[in-house]
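Comments concern the structure below.
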Number of protein chains: 2
Amino acid sequence: MSNDETVLKQKMKEINGYEEALGLIQWDLRTKIPTEGAAYRSDVVGLLSEKIYSLKTSDELKEVIDNVQISTEDPILKQSAKELDREYLKYTKIPSEDYKAFVTLQSQSESIWQQAKETSDFSLLKPYLEDLIAYNRKFARIWGYDNHPYDALLNQYEPGLTTEILDPIFDRLKQALKDLLKRTQKSEVEVDTEMLLHHFPKEDQRAFGELVLEKMGYNFNAGRLDETIHPFAIGINPKDVRVTTRFVENDFRVGLFGTIHEGGHALYEQNFDEDLYETVLKSGASMGVHESQSLFWENMIGRSHAFWESHFDQFRKVAPAAFQTIEFDAFYKAINEVKSSYIRIEADELTYCLHIILRYELEKDLINHDLEVKDLPEAWNEKMHTLLGITPSNDAEGVLQDIHWAAGEFGYFPTYALGYMYAAQLHVAMQRDLDVESIVRMGDFEPIKAWLTEHVHRHGKMKEPLKLIEEISNETFNPDYLINYLTSKYTHLYDC
Amino acid sequence: MSNDETVLKQKMKEINGYEEALGLIQWDLRTKIPTEGAAYRSDVVGLLSEKIYSLKTSDELKEVIDNVQISTEDPILKQSAKELDREYLKYTKIPSEDYKAFVTLQSQSESIWQQAKETSDFSLLKPYLEDLIAYNRKFARIWGYDNHPYDALLNQYEPGLTTEILDPIFDRLKQALKDLLKRTQKSEVEVDTEMLLHHFPKEDQRAFGELVLEKMGYNFNAGRLDETIHPFAIGINPKDVRVTTRFVENDFRVGLFGTIHEGGHALYEQNFDEDLYETVLKSGASMGVHESQSLFWENMIGRSHAFWESHFDQFRKVAPAAFQTIEFDAFYKAINEVKSSYIRIEADELTYCLHIILRYELEKDLINHDLEVKDLPEAWNEKMHTLLGITPSNDAEGVLQDIHWAAGEFGYFPTYALGYMYAAQLHVAMQRDLDVESIVRMGDFEPIKAWLTEHVHRHGKMKEPLKLIEEISNETFNPDYLINYLTSKYTHLYDC
């Protein structure tokens, strides 16, 4: 091994060490830390983040990265160097005064957003949003792009994706989902969700959730399940991948589907190839691919007819008396209800992508000077009406609902819809190798997990997202799989 | 503020940051981490420990320390510099090859100890112990001492203490405890502990433990209670001080007295002066003073007649049916049973210090070449017989029971007995200001906690342990307080 390769490995080990400490701190901040302890802990987050930043932006590392990219014959080291180079350029191209000012602005803006949302007062956030968008435009200019400045932002979260690829995909998806939504709305099928809203003790919900996680192949010896307010999964190291969930005692759907969703993320993090453990590649290929794993398990498995055929009896064994009289068909419909609603994170799988497309179109216009921040709430409400047929009664349930923009994140939202589309495309590819429906109906998901590990999980960040999807499915990224899946499921369910 | 003062503060902040991250990792390793995750985490412990080591041993810091010690008028910065200087000298005087070899030997030896203890085979540990003792002798020589090499080792844990001070104290204590033990053994009072060994569900034990912690003044908004195998308390930061305990369902004593003990440590860590938060002085004055806090609450409060007068009814409210018929007097006697036993950590408050004196005498002889490692098991058994009148049937319940020596720690054991003696001396000092017994009988411990905070907690590491005890009690360190306390309690209890 060359000296450069040795130094690269040693630097990655150090970066990973700090990131592992930070990972544990993040988990603790969101699950266990006593209220008064959090303020002090944020200084530690600052210290460790600063260490990682200095390592990743050092001239010493850059030289090593450049040498290794040219000279190494080890594909993992080559890809690691490429990934580190991407980050090096991302951080170092921006003048450090701008970076610091942006970080400060982000944290001020996030706290103002809390206040703006509580009082439904967009004017509080407006000046911050203007500045954050100006910085994003500036960063896009510095990072560079071919056609649209938004491409540079998109590229942060989904390497290789551009508006040129995404525009026609989202247009096609939008039209199909709008049509499908209208058909379900005209349907005479009645869906009653009231029957789901009985008291269900947390500990019993947890028992069923753990059972499902185990069946998915989640390794509890390399993970654990805890409660939190905003559920997440986190790979602290490849043998310590934790799931968190939120149990709502009068609506078990929140905890159960949340657990399965985060379990999908966790399976990804638990199944990287061991060769990647000591590199910067032990992470998902992209935000979108990561989301494809959680959504595949949550929706295509967890909300499927076949899943409940194998699990409805076990569910009823754990559930309280009030659930014992529910009919299977009524239950299956209830957990798949379609309904236009204001809040993205509460949306069903049919309308969800419309919430994302709304944000995508507004983001592009904002970045491209085609929309001014002062006109944003109105533009939001208009689009909401066009896409979902409803108009928010205030900005708290409209433009102020998400933290992302207040945190200065533009280009992030599309990855959620990509996750849906990737999941559907992978689902069909999987069906070529496996009789997925029969497997799910039997209730043993091992072959499904093994397939995902073989094709997705184990590669970590070795491949770019669009290339990975293409290789697995033998086809370029295509929204029709999601459209077909949703059309088939919901025309059947709503008899429309 | 001078430039040196600013740098000193900044360095302490950085050291504290790494230590806070390490603290959280330690807590997690002992409470929550999934089994497979631990091996990877140890690399992070290595990385962060190395950062702290480099900071504490840097020439840059040494220069600042020296300047601040001479020039500052801020007593907190002066004491901080002194403390850092003590650590600088401790680490830098030892050649780094020796330090590394010692650390490696420690970890090998700890793992061999597990095996040696399981098979009760001292010969496995013997060569490691010989090397560890040789290193300890070498370190003592390097660090320097006036009379006995053991003084240099003692000084690591209890600054200012020497064998010259400790020898007569331990001799006096040993004689008094041996006599008292004999008297209780001749007593005709019968103590029945069987009545305590009923099934007591963990969750109910926890409820009572939390109630007691709250009454002690433990702040749950700046702490939490978790389960672990080997209970501990840890100040991750001054507003995040966690207690852990072990609930044994057929012996509630383990969980309850363990919780109170660790709660005593935690009160210390929760109540440092805010001025100390960003320094290296936000820690106990010494191991011995820290132990005085846990033992005071565990024994002088938690095992007192007055405590149970105010808590027996509440205890029975939480306890299962089998406890409802126990008489108060029989219960009080049972939780204060005196009995010679082999295992230190299971010893009662009367015999405990005899276990420590045994180790102290053997350690001194080992360090001073008066005892060879090969003769250690026999020497152990002989001393056990002389002090406690019993002889272990094997080395697992004798010389191999504790990890300390296998971890290379010599000079540490005495601090446990110091904790008992300090606690008794503080108890009497407290009685001059407060009617402690009446307060405990009323069941509201606030004045006691306030007194301890005023006299002990808030000062952190601002004062040397012996000086602190002397200032509070207006008297030099004196073992008679413990002897009087134990004599009074146990002659009464055993009517002897």
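A Cβ is built for glycine as well, from the same backbone N, Cα and C atoms used for every other residue.
Note that the structure is a prediction, hence the values are computed from the model and not measured.
What TrEMBL annotates here:
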type: BINDING; residues: B:HIS261, B:HIS265, B:GLU291; note: Zn(2+) binding site
type: ACT_SITE; residues: B:GLU262; note: active site, proton donor/acceptor
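Features as recorded by TrEMBL, highlighted on the structure.
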residue	record	Cβ contacts under 8 Å, 6 or more apart
B:HIS261	Zn(2+) binding site	B:PRO231, B:SER294, B:LEU295, B:TRP297, B:GLU298, B:GLY302
B:GLU262	active site, proton donor/acceptor	B:PRO231, B:PHE232, B:ALA233, B:VAL243, B:THR244, B:THR245, B:SER294
B:HIS265	Zn(2+) binding site	B:PHE232, B:ALA233, B:VAL243, B:HIS290, B:GLN293, B:SER294
B:GLU291	Zn(2+) binding site	B:THR415, B:TYR416, B:LEU418, B:GLY419, B:TYR420, B:TYR422, B:ALA423
Other same-chain residues whose Cβ falls within 8 Å of the Cβ centroid of B:HIS261, B:HIS265, B:GLU291, the recorded Zn(2+) site, in sequence order: B:ALA233, B:GLU262, B:GLY264, B:HIS290, B:GLN293, B:SER294, B:LEU295, B:TRP297, B:GLU298, B:GLY419
- prompt: For B:GLU291 (Zn(2+) binding site), what is the secondary structure state per DSSP, taken as helix, strand or coil?
  reply: helix
